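Participant: The structure that follows is given in the form of structure tokens.
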Amino acid sequence: MAKGERGAQGSEGKLIKPAETPQQTELGHKLTVCSKLCFAIGGAPKEVASSAISFFLQIYLLDIAQINAFQASMVLFIGKAWGAVTDPIVGFFITKSRWTRIGRLMPWMLGCTPFLVVAYFYLWFVPPFISGRFIWYLGFYCLYQTLITCFHVPYSALTMFLSTDHKERDSATAYRMTMEVLGTLVGAAIQGQIVASAHTLKHCPTQNMSASYLGNSSGPEIVKSLVRSQDYLSHSVSVTVSAVISVPFWQWFLRRFGKKTAAFCGITWIMPFTMMLVFIPNVVVAYVVAVSSGLSVAASLLLPWSMLPDVVDDFRLANPHSKGHEAIFYSFYVFFTKFAAGISLGVSTLCLEFAGYDTGACKQPAPVVYTLKLLIGAAPVAFIVTGLMILLLYPISEDVRLRNKLCLDELR
């Protein structure tokens, strides 16, 4: 990866013509399966940690760390917002970094990893004091977000240096998404068992959990019910297996019908099944939704990351004298992703506070259940529709992408 990174750009971040270096021609060759796997495996550890945080940090803060819902919402929102703000900042500093023997991106990933491990450990540690726990978790969550940004932005930007061939980059992205989905399963499964054991020992009886699940079927209550009834892992496996199997399908679909069409179809797919979970709350529907969610999850992961290199190439062609800004594009994509996630987590937790969520209680009041149904039903559908309307304005069609490829090949 570092070799390709050095071959694609010179010491000043400028594109080098084939006549000036033999390494440049290598970037046009077909990537081996081993190269794609090595690149893809690099993203799995990050997803292991991120999935554990996404699934369980809210539950952990509320029921194990025992901070109130308002403080938990502030930790989630401020942490995500902080991580989003650091993305473009890190991207800027990466573009200003000097080239080394292992490239310009690898030093960032290698340097932040030890500190990232420490920050993640203390994020799941319950301190002996009570009054300052909000500051503790806020501080380590912000530190974690900063360090994960220092790893993820350069890692994702490596895609641009793997190959100049669009199909090879798309294929490498598909490998990466497959490994990251598997990493999501590993993180959710391992952390799920830890949270389940801690939660079950401290709180509710395990009997009649299926009945509780059928009555709530929504949000954190679903997750907690599934954890207690030991059904959580099977649902996670359903989503993950479906997503892993779907990645090759969406890879074929985007080549056959174009990336814009594939993104539109894949993201739209989840909407009716989301509403089914709200209006038909039973175990069979939950498994149907889990499998269907995997299809949409695969599309939502694969397609945006496959489209991003096309955006960078289009910018290169429109601004031939502006070089070495790949990390900026990737950092801003991660910025908006984290910003949206932070808003959704913060607002949802705040809504639970206003609805009367009782921290540590086995059974929540009716307004909480109603709020959760709105959060997993109407709200996602509204935002998906809004996003799809914006997607209609995406200007890079398959014809434009092919034209850009031909023009860039001439420039190289």
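Glycine residues also receive a Cβ, built from the backbone N, Cα and C atoms like all the rest.
What TrEMBL records for this protein is below:
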- 1-23: region 'Disordered' (REGION)
- 105-123: transmembrane segment (TRANSMEM)
- 135-158: transmembrane segment (TRANSMEM)
- 232-254: transmembrane segment (TRANSMEM)
- 261-280: transmembrane segment (TRANSMEM)
- 286-306: transmembrane segment (TRANSMEM)
- 327-355: transmembrane segment (TRANSMEM)
- 375-396: transmembrane segment (TRANSMEM)
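Map the listed features onto the structure and describe their local environment.
Facilitator: Through the fold, the transmembrane segment (105-123) approaches residues 1-2, 5, 42, 49, 53, 57, 90, 94, 97, 136-137, 140-141, 143-144, 147-148, 150-151, 153-155, 157-158, 161, 327 of its own chain, all at least 6 residues removed from its boundaries and within a Cβ separation under 8 Å.
Only residues 6 or more beyond the boundaries of the transmembrane segment (135-158), in the same chain, are considered here, and those with a CB under 8 A from a CB of the stretch are 1, 4-5, 39, 42-43, 46, 49-50, 57, 61, 65, 67, 74-76, 78-80, 82-83, 86-87, 90-91, 94, 104-106, 108-109, 111-113, 115-116, 119-120, 122-123, 127, 305, 326-327, 329-331, 333-334, 338.
Long-range contacts of the transmembrane segment (327-355) within its own chain (CB-CB distance under 8 A, at least 6 residues past either end) are made by residues 54, 58, 68-70, 72-74, 76-81, 83-85, 87-88, 90-92, 94-95, 105, 145, 149, 152-154, 156-157, 219-220, 304, 308, 311-312, 315, 365, 367-368, 370-372, 375.
Cβ atoms under 8 Å from those of the transmembrane segment (375-396) belong to residues 218-219, 260, 263-264, 267-268, 270-271, 274-275, 277-279, 307, 310-311, 314, 348, 351, 404 of the same chain, restricted to positions at least 6 beyond its ends.
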Participant: Grab the same-chain neighbours of the transmembrane segment (286-306) for me: Cβ-Cβ under 8 Å, and only residues 6 or more beyond its ends, written as numbers and ranges.
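Facilitator: Result: 156, 159, 169-170, 173-174, 176-177, 180-181, 217, 222, 235, 238-247, 249-251, 254, 259, 262-263, 265-267, 269-270, 273-274, 276-277, 333.
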